[in-house]
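**Student:** Got a structure for you, written out below as structure tokens; questions coming shortly.
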Amino acid sequence: MEKGNQNVFGIYGLGTMGRNLLLNMADHGFPVAGFNRHDDKVTLLKEESKGNSVQGFTDLTEFINSLKSPKTVMLLVTAGKAVDEVITEILPLLKKGDLIIDGGNSHFTDTDRRYKDLKEKGFHFIGMGVSGGEEGARRGPSMMPGGDKHAYQLVKPILETIAAHVNGDPTVAYMGPGSAGHFVKMVHNGIEYALMQLIAETYEVLKKGLHLNNEAIHAVFKQWNDGRLQSFLLEVTRDIFVFKNPGADHLLLDDIKDEAKAKGTGKWTSQVGMDINLPIPTIDIAVSMRDLSKYKTLRVQAAAIYSDTTEMPLEDNPDEYIANLEQAFYFSMVTAYAQGMHLLYKASQEYNYDLELDQIAKIWRGGCIIRAAFLEDIYSAFSTNAKLEHLLLDKSIQSTLKNSLPGIRTIVSDSAKFGMALPAYAASLNYFDAFRSEKMPANLIQAQRDYFGAHTYELIGKVGVFHTEWQSDVS
Ligand code: NAP
């Protein structure tokens, strides 16, 4: 054994996530080590570790030598080519049988490629989604590992210890083979995009529709977060609606530009949905709205041309309207989770992930950004019926969803009437109305396709594939 090789876990990349995960492990008494190519973050790690059992390195060989064999190195570097560069850099210092974990937001196809490549070379590889941001990493994240199942057993005790816990259960579980972990994390982020867009649209109704001031909007989000809508994202929103910079007389929120940025995981979710023909329109529209927000100059020009003075009339009973909005939010939240879970169901078949949807809901109940009281219902639905294909077909969810229909119909119809853009609310309702249609107008689409492209069609009650010379048959 090399001298000093006592550390049970190493993290390469001491940015926000790497440093905080390492400190979390050290808090729990694990001897751990971290590496960063620049020393500023190593210094920060040492300052923040306050005498804990954590070592920081800028020398890669010393870092790897400090690890106990078989060595585990988790990468928390910027997703993309940096991950490949770092793997190439550390491989010569590792031995066959050692384990590399990629804890960043890597695209699942990159994870599949890396998994195969490292397996051929004799190394274990786990692609692991980590959620919870800075605070989650430090105090207890939700983690979605996938890949080498045998190797997961080696790190399971550490990961289960540092994860958040809900009712005594850790918010980490093996997701499945290959890129399953990163796929699940990607869908988690897609759902996150949808929920954030729904909250933003709620702000639009409260502000532009009901003319509430920030204080009153804060009160609504606070009240919602105390009830069935309780979630981390509403908690965050509630707090944003009271935050002022020192000495400021107004909210920081009011100074922030209305142009949203994105790192791409929402877009990836939509792309995959399209690739495997699985509709997730509430997520899609959330991605599109972030993109539209960036066209500020065009929006300003269009606003001058199409400005519309039709405003929602002042509500005689705003509390009643907010109750409708609460129902609408509940309805759309359920729909957004349902779309994400359906994507996981289909992807599990498509990519042979063998995902257990109840386990996914279980580990999303705590530590992650989309944690919410409603995840208990999702967990219960998939635990009761492991073969459940779509959350909206679950018995216990049906009645609450039906009860929230008057609210969503009021909000979406008012948005159309008064020219307020609420596309995520509308997409959720339209998805639902199409999903509950025993007959869709898709027969006409098939006829059109056959008319102009001889794409053929199938007939009700008659086996086979048919084509018609439509023009000659129409007299
Ligand atoms: P970060 O604070 O920006 O830190 C990035 C780290 O990567 C730094 O230590 C940086 O080192 C290192 N790095 C980048 N390119 C490198 C290269 N070519 N070679 C060596 N080191 C390199 O990032 P983060 O927020 O911790 O995120 C890390 C990963 O976790 C990302 O994939 C991110 O998407 C994912 N993630 C982030 C969050 C979050 O809330 N922040 C949540 C979940 C997942 P230097 O300091 O030397 O530049």
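Each Cβ is built from the backbone N, Cα and C atoms, and glycine gets one as well.
So TrEMBL lists the following for this protein:
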BINDING   N105, S131, G132, G133, H188, N189, Y193, K263, R290, R449, H455  substrate binding site
DOMAIN    181-471  domain '6-phosphogluconate dehydrogenase C-terminal'
ACT_SITE  K185  active site, proton acceptor
ACT_SITE  E192  active site, proton donor
**Student:** Where the criterion is a Cβ under 6 Å from an atom of ligand 1, which of the binding-site residues G132, H188, R290, H455 meet it?
**Tutor:** none
**Student:** At a 10 Å cut-off from the C-beta of N105 (substrate binding site), count the other C-beta atoms across all protein chains.
**Tutor:** 20
**Student:** In this structure, which of the recorded positions K185, H188, H455 has the fewest other Cβ atoms within 10 Å of its Cβ?
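**Tutor:** Among the recorded positions K185, H188, H455, the sparsest Cβ neighbourhood within 10 Å belongs to H455.
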**Student:** Sequence gap of 6 or more, C-beta under 8 Å: which same-chain residues meet both conditions with respect to Y193 (substrate binding site)?
**Tutor:** A262, T265, G266, T269, I283, A286, V287, R290
**Student:** Distance between G132 (substrate binding site) and the residue listed as 'active site, proton acceptor' at the Cα atoms, whole Å?
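**Tutor:** The residue listed as 'active site, proton acceptor' has its Cα 11 Å from the Cα of G132 (substrate binding site).
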